[in-house]
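**Student:** Could you have a look at this structure, given as structure tokens, before my questions?
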Amino acid sequence: MLKSAKNAIVLTGQALNLEAGLDDLEVRQTTQQSNDTISSVPLSLRREQAAPTPSYMTIAELFKRGLIKNVITTTIEGLHQRSGIPQQNVFEVFGNCFTEFCLSCKATYRRDYDVTSPLSQSLYLPVPPPSHNSDEKETPVPPPLDGHLTGRTCTAAAKGKSGECGGRLRDMIVHNGDNLTSAFAKALEASQQSDLFICIGDSLSISPICELPVVAKQKRAKLVIINTSPTPLDPVADCTLHLHSMNLAMKLLMNKMDVEIPSFTLRKQVFVGNDFEELVEADRQYFDEQNRYRWTVFVQSPPNTQSSLQSFIESVDFTFPPNSFKQTTITLKHPPFQVTRVGHTPFDVRVDLHVVANSTRNTIHLNHKLALVKGGSAFIANIDLTGLIE
Ligand SMILES: [Zn+2]
């Protein structure tokens, strides 16, 4: 059926995301609306930590082979694009959680963190200056999310005046009662033109998304429904398959076609290094005569990038040679990932990054040779799920 189709399209839904370690979008929205804190949301992964599953990679491979033309999705995490399908071929009818735009100048920002998460405010907004009022013991609380406002402001150049635009940024997610994105119009057009409509992992119970397969069917397209449970459109489908796992369903499909499912490799960059300063006489009185330098070893985002380490690093261990310090291993769970000590000789620092990738946890081992010469030293490491690529 797939090989004879000239204009096949795929509609994907939440079942794919559950297998990617994400929670259900509807559950998430309900929980957010009831003002629960992020910690009470029963999800295993933050959205920026999720990676394309075998189901996503199967769809990407079919696209690459020209067997499907476009993908309509109710998911908002951009995993189809990350699996390799170009943005213009993915119609995200509920929006994308990594995009925000300015209400004033309409500038759009692609982030590598979930712009809708209250967590993204505390994680990624600049830290407010400490309060000078000693009576004020309360920690600063990020401003509440006002509907779609993300709490950030526009940094684009202001039109007609100097400085930044400063307009309020808004997410692009469709909630209940919101107007649909322009992607829905494209999805509707693609549905009308399709000759094969394949639904994968969607309950087909949310209007108007569930109307798309019906539109396709009316235009004489064949309808295939693959889902974890029966859907209201099963009676009109040409073929249905119910399996508890979409990944398994895709594996069966690809086996039948004798095509291998490509694996997804998550690549990230980190900047590892150290800087130092020579202690002046005034400092030396506090330290042993041998300790001539105060050095800082760090793991940072590569210079001039906006990437956030917290999107994939859960913690960093710095391990120093035995007997060099009281505490040989220091574990940091939040940025800045850096340790400052005093000393006089260089040595190797072992850096273990505990990362989340492809929905699994992994540890990446790096080594940094402490440099106590002008400028210190640093390097960019390209890391992937399986280890280090120099
Ligand atoms: Zn703006």
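Glycine is no exception: its Cβ is also placed from the backbone N, Cα and C atoms.
Annotations for this protein, taken from TrEMBL, read as follows:
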- Cys102, Cys105, Cys154, Cys165: Zn(2+) binding site (BINDING)
- 1-256: domain 'Deacetylase sirtuin-type' (DOMAIN)
- 260-390: domain 'YEATS' (DOMAIN)
- 124-149: region 'Disordered' (REGION)
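Can you tell me where each of these features sits in the structure?
**Tutor:** Around the Cβ of Cys154 (Zn(2+) binding site), a 10 Å sphere holds 21 further Cβ atoms from the protein chains shown. DSSP assigns Cys154 (Zn(2+) binding site) to coil, not to a helix or a strand.
The predicted model assigns the domain 'Deacetylase sirtuin-type' (1-256) a mean pLDDT of 82.
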**Student:** So for Cys102 (Zn(2+) binding site), how many other CB atoms are inside 10 Å of its CB?
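**Tutor:** Total other Cβ atoms inside 10 Å, all chains included: 20.
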**Student:** Under a criterion of Cβ-Cβ distance under 8 Å and sequence separation of at least 6, what residues of the same chain contact Cys105 (Zn(2+) binding site)?
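**Tutor:** Listed in sequence order: Cys154, Ala156, Ala158, Lys159, Cys165, Gly167.
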**Student:** Enumerate the residues of the same chain, Cys102, Cys105, Cys154, Cys165 excluded, that satisfy the criterion Cβ within 8 A of the mean position of the Cβ atoms of the recorded Zn(2+) site; list them in sequence order.
**Tutor:** Leu103, Ser104, Lys106, Ala107, Thr153, Thr155, Ala156, Ala158, Glu164, Gly166, Gly167, Leu169
